[in-house]
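Enquirer: First the structure, then my questions, so here it is.
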There are 2 protein chains.
Amino acid sequence: MGVDPGLTRCGVALVESGSGRKVTALDVDVVRTPAAMDLAERLLKIHTAVEHWLDTHRPDVVAVERVFAQRQVSTAMGTAQAAGVVALAAAQRDIPVRFHTPSEVKAAVTGSGRADKAQVTMMITRILGMQTAPKPADAADALALAVCHCWRGPLNDRMEEAAAKAKAAQDRHRARLKAAQEEAAAR
Amino acid sequence: MGVDPGLTRCGVALVESGSGRKVTALDVDVVRTPAAMDLAERLLKIHTAVEHWLDTHRPDVVAVERVFAQRQVSTAMGTAQAAGVVALAAAQRDIPVRFHTPSEVKAAVTGSGRADKAQVTMMITRILGMQTAPKPADAADALALAVCHCWRGPLNDRMEEAAAKAKAAQDRHRARLKAAQEEAAAR
């Protein structure tokens, strides 16, 4: 499941990953909350909608866009909060949550981390073999996030595993070094 | 209930408001989550702890610090997400959530919107007649938020009511003006 978080429009999409790079779109929607609504109520509405998606579809993993404060400062806080309640809903069901940056998503589906919204929409329509382009952009972005995770997920997991192994080896080396130093000092 | 949101340390405090400016501290704590923990798991831990506070104490209102992206960009996103799951927990129980800026909180308890952490801690200890200063700063900040809301809350509500009335009057004026213009154009 891919989620493009936002208070005004939160894109949610479900994609099935097949063999190789085969991906199929199963469902896509945009959860909307009015700007005039109380912030806590907006978060509640998004959380409830995502809970419904999770309970209906039971996805293996939820891929969420990683929000940066540097971009669009005025809306970044609300976007981060929407992403937070989405991640919470997944954690409440023991469903793993993975974050991908906008440039990772763009690179995965278009080949360029600097692709614009139109290019992402065009490519995701083609990749998923959809008859019409998903609208609005938030729907296309949610699909792109899900596809990005299907394609990058295993790579990321392998990279994290390798990093963890390297760290463990370094820790063992440091422990041996410390023991040798202590032994030398004790002589 | 006052909440100073944060992923690493989230201050929570319960204050009872009496007649005039009389305030009494009932409880204060800091919810901690390790930086090495998965983000979704950290949000789940904070949400669960806040749920327990809300269900145990049934506060009338939850006052949360308003997070700005401009300050401490590296931690602002996590802080916003923590604030988001706190607001959600309250909304799930129909408990109103109100936000106060750090300078509003400082001004309410010290008289200056630019007071430092030490001044806030000193004043909140004095205001609440506590034997020892609350620690860490997140605990003091949560108490300060609760006190700020007790003192500012009614004022804020009156200001919001006045602003809503003014806007309604302006909307009526604009509607009359538009009707008059259309009537003139139709002649």
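Just so you know, glycine gets a Cβ as well, placed from its N, Cα and C.
For reference, TrEMBL lists these features for the protein:
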BINDING   A:Asp4, A:Asp138  Mg(2+) 1 binding site
ACT_SITE  A:Asp4  active site
ACT_SITE  A:Glu65  active site
ACT_SITE  A:Asp138  active site
COMPBIAS  A:162-172  compositional bias 'Basic and acidic residues'
REGION    A:162-187  region 'Disordered'
Enquirer: Specify the count of other C-beta atoms within 10 Å of the C-beta of A:Asp138 (Mg(2+) 1 binding site).
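Expert: Summing over all protein chains shown, A:Asp138 (Mg(2+) 1 binding site) has 25 other Cβ atoms within 10 Å.
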Enquirer: By DSSP assignment, list the helix, strand and coil residue numbers for the region 'Disordered' (A:162-187), in that order.
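Expert: Summed by class, the stretch gives 25 helix, 0 strand, 1 coil.
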Enquirer: What is the interatomic distance between the Cα atoms of A:Asp138 (Mg(2+) 1 binding site) and A:Glu65 (active site), given in whole Å?
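Expert: It is 11 Å, counting Cα to Cα.
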Enquirer: Which residue, out of the recorded positions A:Asp4, A:Glu65, shows the minimum number of other Cβ atoms inside 10 Å of its Cβ in this structure?
Expert: A:Glu65
Enquirer: Taking just the CA atoms, what is the gap between A:Asp4 (Mg(2+) 1 binding site) and A:Glu65 (active site) in Å?
Expert: 6
